[in-house]
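Undergrad: Quick one: this structure, given as structure tokens, is what I'll be asking you about.
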Amino acid sequence: MVTREPLAGTKLALLTITLAMATFMLVLDSTIANVAIPTIAGNLGASSSQGTWVITSFGVANAISIPITGWLAKRIGEVKLFLWSTAIFTLSSWLCGLSNSLNMLIFFRIMQGLAAGPVLPLCQSLLLNNYPPAKRNMALALWSVMIVVAPICGPILGGYISDNYHWGWIFFINIPLGIAIIFVIMQLLRDRETKTEIRPIDVTGLFLLVIGVGSLQIMLDQGKELDWFSSNEIIVLAITAIITLIFLIIWELNDDHPIIDLSLFKQRNFSIGTLSTSLSFMMYFGTIVLLPQLLQEVFGYTATWAGFAAAPVGLLPLLLSPVIGKFGHKMDMRYIVIFSFIIYAICFYWRAYTFEPDMDFAAAAWPQFVQGLALACFFMPLTTITLSGLEPERMASASSLSNFTRILSGSIGTSLTTTMWTQRESMHHSNLTEYINPYNPNYQQIHQQLAQLGMNDEQISAYLAKQITHQGLIISANEIFWLSAGIFLVLTLLIWLAKPPFSAGGKDHGGAH
């Protein structure tokens, strides 16, 4: 890679804002359509279950294209790849909004997902490679704010648009932002392209990647709806994913020009950082999905108000991330990560104690607000640990691989959390139902009180069945919160295996002084 002086002053500020907006746009698009699926499906004459392919198609394409970002960047250059990917993403966003059939929308969502894959790791790589070494932690902190805030804004913005405007505006809002990003990056980085080299295309690796990751992502997205391994489709997808991914790993480790640089895992800090990020993000992202569903199904929140209850988690990262980015390098990054994990554990225990049938809005929002402190101390130090000691020319490969494992872990966390939630609810529902019988004094008392309110036996049975379901959902959610808290405490031990000094993007600058 040609050595250039880092950007400074206005150019550096403009680069930071532009890449932060690109990150926000990409992460937002992975969640913004979720709450609008019923509206989109109804408008296009499809069922809600068919409509979920709008999400699945994007996730599969995104998961496939992220790991090959490093290979593509070396072949055509990071700046050029970023510009082309953003342009295709913007174009496909416009085409998604114009779609008049579900198949048409799914096709353009695949196109959008493929284009989106390289942008996120390239935002990280371009920031680090154009920032002064002493300020790289600040760059990572600002980048991490967008990763945190965008998934929270997605459902709120998506719900508002689908309630008040045509659903196409969920995608149209990307167009002016995408055009502005392309224009600014062309001006700032036109003469700062990374070194390229023509490598043979790893056709076998690419084929195994598409089949393996595609099968795994479809299995994770559709598993709950198809009742997991009671479905032949899920069994076939699981077997296909396992076999092809095993062959992919073996092939990539022995190929002279692998499409995924698995040798990065030989770096101790990369392995520990990636594993810690993946496991913690699995727990965190699972609850991002669980909390709004719980608030809507049990407590009667609208999608918008469920989003507002979850939103306070983004406040402290907005305020504290720049501070942590500026002063964090003076501390051992492991201390910051451990502090983050302990706060996570406290917040999960807090939820497990306070989530009850008569819970008010504040009881849901306060743990989210405090968890923002954990998030503010999460991404920057973990990313610094993960990328520490790597050469600049390996940054795109490392960023794409670490982002791929993080996003895949989010999908796994979502699937495990929602499946465990419904299965544990069924068990608790059965256990609680055993107490509903005419010989139970408590049941007799409740039955009498409801009868005095004017309910007949049928209405009383329906009311009690609903209450039992709600109790089962709350108990099973609290069990997930307990489990998540325990895992975060275990992760405080794992991060100690990382070896200082830590400095993202080079071997010359230690992060722990």
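Including glycine, each Cβ sits where the backbone N, Cα and C put it.
Since this is a predicted model, take the numbers as computed values, not measurements.
Feature list, courtesy of TrEMBL:
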TRANSMEM  12-33  transmembrane segment
DOMAIN    15-503  domain 'Major facilitator superfamily (MFS) profile'
TRANSMEM  53-72  transmembrane segment
TRANSMEM  81-100  transmembrane segment
TRANSMEM  106-128  transmembrane segment
TRANSMEM  140-161  transmembrane segment
TRANSMEM  167-189  transmembrane segment
TRANSMEM  201-220  transmembrane segment
TRANSMEM  232-251  transmembrane segment
TRANSMEM  272-292  transmembrane segment
TRANSMEM  298-321  transmembrane segment
TRANSMEM  372-390  transmembrane segment
TRANSMEM  480-498  transmembrane segment
Undergrad: Average the per-residue pLDDT over the domain 'Major facilitator superfamily (MFS) profile' (15-503) and send me the rounded value.
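TA: A mean pLDDT of 84 is what the predicted model shows over the domain 'Major facilitator superfamily (MFS) profile' (15-503).
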Undergrad: Of the listed stretches 167-189, 272-292, 298-321, which one has the most C-beta pairs under 8 A with the transmembrane segment (140-161)?
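TA: Ranking 167-189, 272-292, 298-321 by Cβ pairs under 8 Å to the transmembrane segment (140-161) puts 298-321 first.
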Undergrad: Taking the transmembrane segment (167-189) as reference, which of 12-33, 106-128, 201-220 has the most Cβ pairs under 8 angstroms?
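TA: Looking at each of 12-33, 106-128, 201-220 in turn, the most contacts to the transmembrane segment (167-189) are made by 12-33.
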